[in-house]
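To start, the structure itself, in C-alpha cells.
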C-alpha cells in the first residue's frame with residue numbers, strides 16, 4: 001500500500017492531542033513535574049546553600065525573596081505565556097519580533113554550553129554514587145593516595161601561653177611537655193586538608209595544577225559521562241511523551257531523600273549551630289548593605305528558575321492553548337524557592353555537625369559551592385554510622401536533580417530542531433536526539449581531563465552569568481517596549497480569560513519598570529566588578545580568561561548578526577526596514593486556527609504556509 005511519510009505521527013504527538021502536529025503533554029502533571037524538575041536542580045542543593053552561607057546566612061533570604069518577586073517570577077510568567085501562546089520553541093518564538101530573533105539563538109547556544117558542563121557534574125555524582133558501594137567510604141580516612149597534609153582533625157602548630165608569670169609564644173610540643181594551656185584566640189593550626197578534600201582533588205578529579213596543564217582524559221569519569229548521556233538519551237527517545245513519565249520519579253524522589261537527610265542531620269551534635277547560622281541569631285544582617293549580596297540573590301534566582309535559557313519557552317510550547325499558565329508559573333516558582341530553603345536546612349544541619357566535630361565556626365567550614373557538594377557534605381556523612389547508606393542517598397539525590405534539569409535542556413535543543421525541520425523530526429526524532437547526545441558527549445570530553453574542573457568553572461563563570469542576564473534584558477525590552485506590553489497582556493487573556501486591571505497592575509509595574517531596571521543594574525554591576533576567574537587559590541591564565549570572553553561573545557554575537565541580516569533583507573529605506581523588522585511576522589499568533597479569533601484571523605493556515613514562506617538567515621519562516 002502507498003503511504004505518505006509526511007503523515008507519519010511524531011513520537012511527540014498522539015491522536016488525543018489538541019495539537020496533532022507538534023503534540024501536547026499527556027496531562028498537566030507531566031508538564032508541572034517537568035517544569036519543577038527543570039527549575040529544581042543541583043543549584044538548589046549546593047549553590048543556594050553556599051550563597052546563603054557566604055552572604056550572611058538567613059539575612060540572604062531577604063534579597064532572595066525580593067528578587068524572586070521583582071525579577072524571577074515576572075520573567076518566568078512571561079516566558080511560559082510566550083511559549084504556550086504560539087506553541088513554538090525559543091528561536092521560532094521570535095516571529096513576535098523578527099529583529100530580536102538572535103536573542104533566541106543566544107538562549108539556545110547558552111543552553112548548549114550549559115548542557116555540556118552540567119552533565120559533567122552529573123558524571124561526578126555518578127562516580128561518587130558508585131564509590132559509595134563500599135563498606136568503608138574511600139574518603140573517610142587518609143589512605144594510600146593521601147600526602148603528609150592529610151588529617152581528619154586540625155593539628156595545633158603553636159600558640160600563646162602563660163609560663164612563669166609571663167606570656168610566651170611557643171610551639172605546641174613545648175606547650176604539651178610543660179603542661180601548659182593555650183590562651184584563647186592565640187592558637188595557630190598547621191595547614192591540613194580533610195581526607196574528603198584530598199580525595200576530591202587527587203582521586204576523583206586527579207586535578208592538575210591549572211588550566212595550562214590539560215593532562216589526560218580520566219577514563220572512569222569519561223565512562224560516567226557516557227553513562228549519564230545514555231540515561232538522558234533513553235529518557236528522551238520519545239520526547240515529552242517519555243520524559244514526562246520519567247520525571248514522576250526524578251522530580252519527586254529527591255524530596256523523599258532530602259527529608260531523610262534533614263531528619264538525620266537534625267539529630268546530630270552541633271546541628272543547631274548550623275541551623276542558627278542559616279536562619280537564626282548568627283545571621284549577619286549587615287551583609288544587606290553590600291551590593292554583591294543583592295547581585296548574588298538575583299543571579300541565583302536566574303540560575304535556579306532557568307529564566308532566559310529557552311527551556312521555559314520550549315516546555316510551555318507543548319501546553320494546550322487554554323492551560324492556566326499563570327497558576328503554573330506561581331506554583332513552579334514557589335515550589336522551587338521553598339525547595340531551596342528546605343534543602344538549606346538539610347545542608348546546614350550537617351555543616352553545623354561538621355563545625356562541631358572540627359571545632360571550627362560554621363562560617364569557616366566550606367570554601368566553594370563545589371566543595372560543599374563534593375567535600376564538606378561527604379566528609380560529614382563519612383563520620384555517621386552506616387555512612388555508605390547516607391552517602392548513596394545524597395549522591396543519588398544529586399543525580400536525580402541533575403538529570404531532570406538536563407532532560408529539559410536537551411528538550412530545548414530538540415524543540416529548536418523540530419521548529420526548523422518539522423518533517424525530518426517526525427521521521428527521525430530518535431536518531432536526532434541520540435545524535436545531539438553523542439555530539440555533546442564528545443564536546444564534553446575536555447571537561448573530563450585532569451584540568452576539567454577549571455573548564456567547568458570557566459563555562460559557569462562566563463556563560464551562565466552575563467549571557468542569560470543580557471538575553472533577559474533584551475527579551476523584556478523587546479516584548480514590553482517594542483511588541484507592546486499591553487498587546488502581550490491581551491495575548492495572555494486569550495489563553496486564561498479576561499482579567500481585571502487590578503490583576504495586571506503588579507505585572508505591568510514589573511514588566512514595564514522594575515524588572516528591566518533591576519536586570520540592567522545587575523548586568524552593569526557584574527561587568528564593573530569583574531575579576532579574573534579562579535578556582536580556589538588557582539588563578540586562570542590570561543588566555544583562559546580570553547577563552548571565557550570568546551565563549552560569551554560567541555553566545556551573544558548572534559543578536560547583532562541576525563538583526564543586521566533582517567534589516568538588510570527588508571525593503572524600503574533604513575527606517576522603513578527597521579520598522580518592518582520591529583513588527584510581528586505575518587504568521588505570528590496561536591498555532592492552531594481554532595484559537596486565533598478575530599485578532600489573528602489574518603494568519604496563513606499552517607498547511608498552506610509553504611506557499612507563503614519568507615526565508616530567513618536561520619532557515620525559519622516568518
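Just so you know, glycine gets a Cβ as well, placed from its N, Cα and C.
Feature annotations, courtesy of TrEMBL:
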BINDING   37, 39, 40, 304, 336, 401, 404, 405  Na(+) 1 binding site
BINDING   44  Na(+) 2 binding site
COMPBIAS  1-21  compositional bias 'Basic and acidic residues'
DISULFID  142-150  disulfide bond
REGION    1-23  region 'Disordered'
TRANSMEM  31-48  transmembrane segment
TRANSMEM  60-78  transmembrane segment
TRANSMEM  99-130  transmembrane segment
TRANSMEM  217-237  transmembrane segment
TRANSMEM  246-263  transmembrane segment
TRANSMEM  297-318  transmembrane segment
TRANSMEM  330-356  transmembrane segment
TRANSMEM  389-410  transmembrane segment
TRANSMEM  430-453  transmembrane segment
TRANSMEM  465-484  transmembrane segment
TRANSMEM  505-526  transmembrane segment
TRANSMEM  546-568  transmembrane segment
Folded-back contacts onto the transmembrane segment (389-410), same chain, C-beta under 8 angstroms, at least six residues removed
34-35, 37-42, 44-45, 111, 114-115, 118-119, 121-122, 125-126, 128-129, 132-133, 137, 228, 231-232, 235-236, 243, 246-247, 249-251, 253-254, 257-258, 260-261, 264, 306, 309, 311, 314-315, 373, 377-378, 381-382, 433, 436-437, 440
Around the Na(+) 1 site formed by 37, 39, 40, 304, 336, 401, 404, 405, which additional residues qualify by having Cβ within 8 Å of the site's Cβ center?
36, 38, 41, 44, 251, 306, 339
Does the chain bring the transmembrane segment (430-453) near the transmembrane segment (505-526), so that three or more CB pairs sit under 8 Å (pairs 6 or more apart in sequence)?
no
Do any residues, 6 or more residues outside the transmembrane segment (546-568), come within under 8 Å Cβ-to-Cβ of it, and if so which ones?
98-103, 105-106, 109-110, 113, 458-459, 461-463, 466-467, 470-471, 474, 533, 540, 574, 577-578, 581, 616-618
Count the Cβ pairs between the transmembrane segment (99-130) and the transmembrane segment (330-356) that lie under 8 angstroms and are 6 or more residues apart in sequence, then report whether there are at least 3.
no
Could you tell me whether the transmembrane segment (505-526) and the transmembrane segment (465-484) are in contact, taking contact to mean 3+ Cβ pairs under 8 Å with a sequence separation of 6 or more?
yes
Return the member of 40, 44, 336 nearest to residue 150 (disulfide bond) in space, with distance defined Cα to Cα and candidates limited to these binding-site residues.
44
About how far apart, in whole Å, are the alpha carbons (Cα) of residue 336 (Na(+) 1 binding site) and residue 44 (Na(+) 2 binding site)?
8
Distance between residue 40 (Na(+) 1 binding site) and residue 142 (disulfide bond) at the Cα atoms, whole Å?
35
Same chain only, please: residues at least 6 beyond the ends of the transmembrane segment (246-263) with a C-beta under 8 Å from a C-beta of the stretch. Say none if there are none.
29-30, 33-34, 36-37, 40, 235, 339, 342-343, 345-346, 349-350, 390, 393-394, 396-397, 400-401, 403-404, 407
Separation of alpha carbons, residue 142 (disulfide bond) and residue 304 (Na(+) 1 binding site) (Å)
36
Residue 44 (Na(+) 2 binding site) and residue 404 (Na(+) 1 binding site), compared by Cα position, are separated in whole Å by 13
Determine which residues of the chain contact the transmembrane segment (31-48) at the Cβ level, with the cut-off under 8 Å and only residues 6 or more beyond its ends counted.
25, 64, 118, 121, 240, 243-244, 247-248, 250-252, 254, 300, 303-306, 311-312, 315-316, 318-319, 323, 328, 331-333, 335-336, 339-340, 343-344, 347, 369-370, 372-373, 397-398, 401-402, 404-405, 407-409
Measuring Cα to Cα, tell me the gap between residue 37 (Na(+) 1 binding site) and residue 142 (disulfide bond) in whole angstrom.
37
